[in-house]
Amino acid sequence: MTKGTSSFGKRRNKTHTLCRRCGSKAYHLQKSTCGKCGYPAKRKRKYNWSAKAKRRSTTGTGRMRHMKVVFRRFRNGFREGTVPKPRRAAVAASSSS
């Protein structure tokens, strides 16, 4: 029984497959857990000892469909249902014609 170089050629089964949550090939088939995001755990796996890994998958690295809108609304103070004041240039142009 060898446990080194000669036994590596006998490996032929897949231990990891694609994860449903993060998409990486880190989902362990026998353990049924993802090594990257921790699926099926409810909380996403993240550690401070790898600041670079956090940077790769934090807010702002994707589309941010919702957060883009929130940032814009925040700048305007989350106002809703108001009508903008008419601009002077627009008022002058409409009155002259």
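Each residue, glycine too, has its Cβ placed from N, Cα and C.
Residues 19-37 are the range that Swiss-Prot records as zinc finger, among 19-37, 57-75. One residue stands out among the binding-site residues Cys19, Cys22, Cys34, Cys37 for having the most other Cβ atoms within 10 Å of its Cβ: Cys34. Residue counts for the zinc finger (19-37) under DSSP, split into helix (H, G, I), strand (E, B) and coil, are 0 helix, 4 strand, 15 coil. Per-residue pLDDT, averaged along the zinc finger (19-37), amounts to 97 for this model.
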